[in-house]
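K.L.:
The structure's right below; bear with me while I get my questions together.
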Amino acid sequence: MTKRIIVLIREDLRIHDHPALYRASQEGMVIPLYILDEETSHSPHGEAKKWWLHQNLEAFQTALQSINGQLWIDKGKLEDLLPQWVQNTNAQGVYWNRVYDPRVYERDLALARSLSSQGIDVQTFEGTLLLPPWKIKKDDDTPYKVYSAFYKSLRKEDIPKPLPSVKKVKVPDLDVEGLSLNDLKLIPTIPWFHIMESMWDPGEKAAIKRYNAFVKKSINDYSEGRDFPANGHHSTLSPYLTLGVISVRSLYHSLLEKEGTQVEPFIKQLIWRDFSYSVLLHFPESITQPVNEKFKEFRWHKERDHLEKWKKGETGYPLVDAGMRELWATGFMHNRVRMIVASFLTKHLLIPWQEGAKWFLDTLIDADLANNSMGWQWVAGSGFDSAPYFRIFNPTLQSEKFDKEGTYIRMWVPELKDVPNKHIYNPSEASMDILEDAGVILGEDYPYPIVDHKAARDRALERYHEIK
């Protein structure tokens, strides 16, 4: 009898370089199964990512159909449902690509032991990262805590070549019913996602098209151009990577083949992702707790009104507000702006980084537990290899440097569109005549700054000195 193999689909919504699907397609009849389990993960999908997940599950269904397959769907606790699916389909094997959310990873280990003890062939593969998190370690077998050392070590390794796309699968005739995609209820009942729909095309073909356009247009300017939010020299591939719609190994090897191009800065970003997952798996407490023990004594301000103004993009600092409004409208924010708004929240407003991390997880379509925790701790100064505590971004100077013409600000803070470039970074310093000519009344059309930069900076430094 031909072996029946359940391929557990998670953060790998693609048919190219899909180790579990590829192996199963060679060894037997394939039962791709997606189980939405929102109880186990450290970070259930936020509302924006749920919308994005629905779009890409739909695209993945279409991709499977093109190779003679289909996707079965269920919802609930995976450790309860998967054994039922094994029994109901008479599967002899269960294959999956590993997921490194610590709770999910530990659950998967226990599940693999349980299924194996029942005679089920369980095989797991690396389909998420360049290399498994335990592969890159120091000579004393401890994980790296400094990115530069991690990068140098990983760069010496041979990264496995990506597997070819699965061309065809054999599917058993099953007398079982799963759920429909709509049964997962990932799409909001209130259609607030129209701007996201216009910006993001789901699926592998769209991801590969976006990558090719990035390489053609921007790869040589990426090192410098990526810091400028209005110029389009960033890849915008993170939403596809977070759901495994495009393979990180395929990106890595494709970049290495681009002779005459400046690929290393982008490769470093891919390796930073691996570093984040290494930290996540080895130090799971970093999701909610400061890695630097001293920060447990830090005196945060926790002003709820300030947090809400930050979320809504009503801080009175145009670049911060532009970033937060872009996030709300599109589910995305430029990386340089992410650092600026995170610094503003944790250092100007002294609001705990965990609050910002939660908001990002809920509103980003590229929400990624490892990158999110790592990024917020990096900015706050409490994580491994973090920015120094005294690095407090001045939002006005950052605007002048990275949005010199005010293009990005005008895009997302349109009430300031007629303010001259000289004052668009900080309209509170413009004269009443200038603001009147621009049709702006501070406090009505656009808010006054909710904190004074110098006073906020001095207060933050004082708090940081308390825990030195």
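Any Cβ shown, glycine's included, is placed from N, Cα and C.
Curation plays no part in TrEMBL annotations; they are all automatic predictions.
Annotated FAD binding site per TrEMBL: Tyr222, Phe266, Asp366, Ala367, Asp368, in sequence order. The domain 'Photolyase/cryptochrome alpha/beta' annotation in TrEMBL covers 3-130. The feature site 'Electron transfer via tryptophanyl radical' is assigned by TrEMBL to Trp300, Trp353, Trp376.
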K.L.:
Under DSSP, is Asp368 (FAD binding site) helix, strand or coil?
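P.N.:
Its secondary structure by DSSP: coil.
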K.L.:
Rounded to the nearest Å, what's the C-alpha distance separating Tyr222 (FAD binding site) and Trp300 (site 'Electron transfer via tryptophanyl radical')? Just drop the number here, would you?
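P.N.:
Distance (Cα to Cα, whole Å): 36 Å.
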K.L.:
What subset of the recorded positions Phe266, Trp353, Asp366, Ala367, Asp368 lies within 10 angstroms of Trp376 (site 'Electron transfer via tryptophanyl radical') at the C-alpha level?
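P.N.:
Cα filter at 10 Å returns Trp353.
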K.L.:
Reduce the DSSP letter at Trp300 (site 'Electron transfer via tryptophanyl radical') to three states and note it down.
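P.N.:
The three-state answer is coil.
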K.L.:
Rounding to the nearest whole angstrom, report the longest C-alpha distance spanning Tyr222, Phe266, Asp366, Ala367, Asp368, listed for FAD.
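P.N.:
If we measure all Cα pairs in Tyr222, Phe266, Asp366, Ala367, Asp368, the largest is 22 Å.
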K.L.:
Here are the recorded positions: Tyr222, Phe266, Trp300, Trp353, Trp376. Which has the lowest count of other Cβ atoms within 10 Å?
P.N.:
Trp300
K.L.:
Translate the DSSP assignment of Trp376 (site 'Electron transfer via tryptophanyl radical') into the three-state scheme.
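P.N.:
SS state of Trp376 (site 'Electron transfer via tryptophanyl radical') = helix.
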K.L.:
Could you measure between Trp300 (site 'Electron transfer via tryptophanyl radical') and Phe266 (FAD binding site) for me? Cα positions, answer in whole angstrom.
P.N.:
35
K.L.:
Near Ala367 (FAD binding site), which residues of its own chain have a C-beta under 8 A away, given they sit six or more steps off in sequence?
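P.N.:
Set apart from Ala367 (FAD binding site) by at least 6 residues yet with Cβ under 8 Å, we have Ser43, His45, Gly46, Ala48, Lys49, Thr242, Phe360, Leu361.
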K.L.:
How many neighbouring Cβ atoms, not counting its own, are there within 10 Å of the Cβ of Asp366 (FAD binding site)?
P.N.:
22
